Amino acid sequence: MSQILFKTKTFWYGIALTFCIATLSYFLAKLPFLMILGQLVTAILIGIIIRALFPVPEKWFTGIQFSNKVILRAGIILLGFRLNLVDIYHAGWRVFLIAALCLSFGITIVYFLAKLFGVDKKLAILVACGTGICGAAAVVAISPQVKADNNQTAVAATIIALLGTIFTVIYTLIYPILPLGPDGYGIFAGATLHEIAHVIAAADPGGSSAVDMAVIVKLTRVALLVPVCFVVAKMVNAGTKNRFSWAELPVPWFIFGFLATSAINSFGIIPTSVTDFLVICAYFLIAMSMGGLGLNVHLPSFGKMGGKPFAAALIGSVFLSAFGLALVLLFHLAG
């Protein structure tokens, strides 16, 4: 099946579209009024604008989804070549505690608000987990655990994609006035934003140290996807005849690739000139996935899905941002 997919022209058209968006965003981000947003956020916005103004053929989305998932993970793995694991050791337990607390708070507050607004239980769980863990990837992973249908999954993923984009733009704009240094800002972004791509894009204005911290905190949340899936499945199946299957638990294997490249860089095995080039490639691949993320935001669909789940996720995300900022300041990690 995958061999047939790779041979289709429409698949490559989707890849080519995200490639063009990444290239365009690279040059546009050099303009004064877009420089504050950076290449990655610019790529998301270009994708949203293209989807809103032009009819993107449905068959192209096989390639676009490939950019969203596979190319994004490849970019994250390559991004490890600029990370030094010694820095992670120095970050200490407080960083990982913040990640776990924000995950728990995000899921709880969004689910509570969604139920308060009368949102269907399955959709409420999907939106809550998407907000608290790792965006659309969490939505897709949790969906079979709660037996959600395709429409519920699509609605939740779209809500998270749009909200994550909105908050990414807001973060980049307010960064200069936040009481946070690069590392603190990276922890804040990694602990509170939705998708991995959103985290990298938002942290980028803070520089390399901000991005490194943001990725580590975010990957900590991603790693917690498996135990969260386990808990959700147990809760949903409680009192039913449905049996839990370990085989259905999603394992984010790309995290190990990221740690491997980080270890290689930490030991200085590869020359700096080579790792610098690989990091440039990583950013371009991530920009391609950003473009794909923007292309998946279908604005008219929000009129059909109703505002309740969106409102719950929006308000919950605001609370999550405030909670994450408070934790960073409380643990004296603002610098």
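Each Cβ is built from the backbone N, Cα and C atoms, and glycine gets one as well.
Swiss-Prot assigns the feature transmembrane segment to residues 251-270, out of the candidate ranges 71-90, 251-270. Of the candidate ranges 91-113, 123-142, 155-177, 277-299, 309-331, 277-299 contributes the most Cβ pairs within a distance under 8 Å of the transmembrane segment (10-28). Between the transmembrane segment (33-55) and the transmembrane segment (309-331) there are fewer than 3 Cβ pairs closer than 8 Å, counting only pairs 6 or more residues apart in sequence, which means the two stretches are not in contact.
Residues 36-38, 41, 44-45, 48, 123, 126-127, 130-131, 135-136, 139-140, 148, 185, 189, 192-195, 198, 201-202, 204-206, 293-294, 296-299, 301-302, 305, 309-310, 313-314, 317, 321 of the same chain lie 6+ residues outside the transmembrane segment (155-177) yet bring a C-beta within less than 8 angstroms of a C-beta in it. Packing against the transmembrane segment (123-142) from elsewhere in the chain are residues 68-69, 102-108, 110-111, 114-115, 148, 152-153, 155-157, 159-161, 163-164, 194-196, 198, 218, 221-222, 224-225, 228-229, 232, 236, 250, 252, 296, 309, 312-313, 316-317, 320: each is 6 or more residues past its ends and has a CB under 8 Å from a CB in it. Stretch with the most C-beta contacts under 8 angstroms to the transmembrane segment (91-113), considering only 251-270, 277-299, 309-331: 309-331.
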